[in-house]
DNA sequence: TGAAGATTGTTGACTTTTTCACAAATCAGC
DNA sequence: GCTGATTTGTGAAAAAGTCAACAATCTTCA
């Protein structure tokens, strides 16, 4: 009743949250069943790829019928550990950081920003969107206290590495890095980069050099 | 003296802006030459991959020496069309949109947000970070007037598709989509998705299911 | 000038990901 | 229950991407 022994391909793993969200949509619109073709239309992923992705988890559908929305949804809820809350810290309450604090998009996914950090004394001690802002000096203490192991990094590029070094000292396991810096961390820590400037520039490059382009792309994360 | 006839692989194209930025850093720190190994250390991309990427553009380096920073920089400036300004529109001045307007990261890359749109009458007519905010009704008119062909979409998910339909009516060629919606557009229009919730969720998934993970990842654009 | 060292460009192997295409299974209607 | 229409799950192939390894070539320095 545990994980399948086989490791899911990375490309597949990255699509799981996407599938999950659209299944939620289907569910709340009252749909009972769905085919890989319909899902493909909705998430813009080839239907064969969807079937292949699902098949890594076993036979989730029925031939001639498709997939039962409720079953699939509860299966992915388990697979994506949606029953337990993942607590996240946000480091750097600037423009972007503030946007995330106000964004409640995190609540949908059983992922919650529990605390934020900044050096600005005007922000320290306040709450933004219900999230308390602590002083950057308290990172180690607070993270360990609450056992937070995921951080969203939205600090200025110059301080990204030093602050990351401090996160490494804590029990941090994963960092969602919005700074342009490429961080040095031990290989036990996972980093996903979201580089907004690079994304925009690469879009522009594709527009100029790939005249009638194919679809798709979902940042984040190369490889 | 034009583009090489050969199409650059997508994975390579996505790394170009990254290389460009680090070359700028090297340049401003006064470095004259750089090896693929050094660059690899900085951008966290395998050195063989870097050499391979560069080689698509011809022989840019010298054996036993490495790459001349100035030459490489000016080569990529041309390749990435950094000599011409790309004008961008931002649609939806909410938390995230406002963050981008205040973020001057766009100015580095000869990409500039020229105008923003929202429905909120309190925002319409103001300027945020020097960018004028127009009413959403003016999208078609303003975009065509200024010949803006790239849009950053930061509107609520519910209105993402209808607004996209209006962008399609204008001369829009590319959209950087920050909404969770997967947009329907003609295949002549390129969309890059940056799905923040998905990014965070997939990071969490990897942490739980890929115990000691390999490095890397850069949104974006999944592909 | 010559020898030692450095570093590219590229071949080829390998890995990962996508896609085609179809047998097998199920469904739906009569 | 039979028939025709669906739709999955997957084998096999193609496509895309990564990386190790090394000959070729340049640099450096004595």
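Backbone N, Cα and C define each Cβ position, glycine as well.
No curator has checked TrEMBL annotations; they are predicted automatically.
These come from TrEMBL:
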DNA_BIND  B:18-57  DNA-binding region
BINDING   B:92, B:93, B:94, B:95, B:96, B:97  NAD(+) binding site
DOMAIN    B:81-182  domain 'CoA-binding'
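In the domain 'CoA-binding' (B:81-182), the DSSP tally of helix, strand and coil residues is 38 helix, 29 strand, 35 coil. Long-range Cβ contacts of residue B:92 (NAD(+) binding site) within its own chain (separation 6+, distance under 8 Å): B:117, B:118, B:153, B:154, B:155, B:156, B:163.
Here the binding-site residues are B:92, B:93, B:95, B:96, and the ones sitting under 8 angstroms from chain A, going by CB atoms, are B:95, B:96. Neighbours of residue B:97 (NAD(+) binding site), defined as other CB atoms within 10 A of its CB across all chains, total 25. Remark: residue B:94 (NAD(+) binding site) has B:118, B:154, B:155, B:156 as non-local neighbours, by Cβ distance under 8 Å and separation of at least 6 in sequence. Fewest Cβ neighbours within 10 Å among the binding-site residues B:93, B:95, B:96: this applies to B:95. The average pLDDT for the domain 'CoA-binding' (B:81-182) in the predicted structure is 93.
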